[in-house]
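Database features (TrEMBL):
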DOMAIN    B:9-80  domain 'Glycine transporter'
DOMAIN    B:102-174  domain 'Glycine transporter'
TRANSMEM  B:6-24  transmembrane segment
TRANSMEM  B:31-49  transmembrane segment
TRANSMEM  B:61-80  transmembrane segment
TRANSMEM  B:126-147  transmembrane segment
TRANSMEM  B:159-177  transmembrane segment
TRANSMEM  B:183-201  transmembrane segment
Amino acid sequence: MIEQFIFEFFAAIGTIAFAVSGAFKGIRHRLDVLGVLVLAFVTAIGGGLVRDALLHRTPAVFIDIWPALFALVGCLLALLSNMLSKERILSWTNPESRTFLILDAIGLAAFTVTGAKLGAVSGLNIFGIILLAAITGVGGGVIRDMLVGEIPLVLNADFYATATLIGGFVFGVLYMYNFATPWPSILSFIVTLSLRLLAIWRGWKLPVL
Amino acid sequence: MIEQFIFEFFAAIGTIAFAVSGAFKGIRHRLDVLGVLVLAFVTAIGGGLVRDALLHRTPAVFIDIWPALFALVGCLLALLSNMLSKERILSWTNPESRTFLILDAIGLAAFTVTGAKLGAVSGLNIFGIILLAAITGVGGGVIRDMLVGEIPLVLNADFYATATLIGGFVFGVLYMYNFATPWPSILSFIVTLSLRLLAIWRGWKLPVL
Amino acid sequence: MIEQFIFEFFAAIGTIAFAVSGAFKGIRHRLDVLGVLVLAFVTAIGGGLVRDALLHRTPAVFIDIWPALFALVGCLLALLSNMLSKERILSWTNPESRTFLILDAIGLAAFTVTGAKLGAVSGLNIFGIILLAAITGVGGGVIRDMLVGEIPLVLNADFYATATLIGGFVFGVLYMYNFATPWPSILSFIVTLSLRLLAIWRGWKLPVL
């Protein structure tokens, strides 16, 4: 129970952080208020929507109202931060700031575990588990970038989706070898988060061919 | 029964108008005949397809053949209008014309109600109802714009998706407070249509941040 | 049984060829290793994922591991071919080569039949059958092109999706008139493949309006 609560807390952080990154991208592209709102929501909940469509579940966000509220909080934070940018208040919401990247990494790891877990309990193969982890973790960001006509960041920058894929793989393997709950979740979370934080810290990039 | 018939009539108008706008966008981007056809269909039925995937229903358009036929009619109208553009026949099909915008607004309102209603009877929360209304109303147009590499119109222009969101909200609230059928549909339709027509008439735009 | 095996063989060729085309597009856009891998997988299995989401089936690729492995083979082939490009080894994997186009056409025909068949056994109307054939056949390529910010090739070049649409139509009509299995599949496959090969050979293009 306690680990369930901690994961939901991390997922809430992730939802807020993802919404912030979407809203900032909308502001930078000079979208109107609605466009900013849409980009915030798409980034925060888009990956989960695609995942749920593939698993033919009713999207979690349509039943449980909290993620939508967290996304709204993230959107408002970004708007506020943008208005106050001269005073450098809320500067941690800036998607380039170190603090933001860490919050975003926590969200990425939490989303990865959520996706992998749903895939595993649906009886998918290891490829399905990894793919659902990745879609949950980075799918929202991909749709966000496509909406504003950019090549999705995860395709050509940083060590970001790779952390998710490895985290999903860890979950899948542990689950298949019958590790007791919640160990697959905890280890997958730690691996994803550590890899992403290392990547931020060391400036890891994947090679271009 | 009679209101059911009227809604289907409005939805048919919307399907045709949406297909016209998709076909014209394809023509303007110098796509080939197939590309124009695809853009017409995507605009007319794409929102419904995404909505049905999220609700894990078999897409309505795969069971009932009429929407596909209406989309085809819209596509042919646009092609004809494009051929006859010198003679100004069929000028009402021009997506910038006042007449077209009104027909498009009727379609938007009808699609909004369809989406909200499906969300409500599926037991979704208010956020789900609003989101399905919006996806049904503007999802096709968003895919259309993404396919030709434009930032979706609804994100940075006009008071368009906002009308849908408010219409979906109206439906959701009335439904939750147990207003008798068909009142949520009728009032949501009227609100969406009125807001959109007012926006066209007064040139409403949302502020850019 | 034997025809089932042959179709799976053709579908495997298609999965590999589609992955090759995705990987090469990623390389040409200077994506990193992960981006190339994603583009390969999206092209090879993206159409099937969208189709399965619309039919609310668990994606085939999440149950059966083979398509993912074939996609991986295609991706590795493309990377190898890119490294060896000076020596012209593996030159048949070049998406512009005649050999590659033929393999790609076989895949297109096999994917078309798979999509049409799933639509037919789900009880869809002729429009649904054709649309699912097209989504399975060209959906992956459309997502691939959208991810790198290009207007999807099928919208404005070549006689490609048209072959799929006609193949899907052939399947639907034969199925509705109760032709015995596997005749709808075989004839639909032959029609799609022949049209596509003729189009390559004769340089067919659709008119631009």
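Any Cβ shown, glycine's included, is placed from N, Cα and C.
Those TrEMBL annotations? Automatic predictions, nothing curated.
Looking only at the domain 'Glycine transporter' (B:9-80), the predicted model's pLDDT averages out at 93. Pairs of Cβ atoms less than 8 Å apart link the transmembrane segment (B:61-80) most often to B:6-24, out of B:6-24, B:31-49, B:159-177.
Sequence-remote contacts of a segment are chain residues at least 6 beyond its ends whose Cβ falls under 8 Å from one of its Cβ atoms, and for the transmembrane segment (B:6-24) they are 36-37, 39-45, 66-67, 70-75, 77-79, 81-82, 93-95, 100, 103-104, 106-111, 113-114, 140-141, 144, 185, 189.
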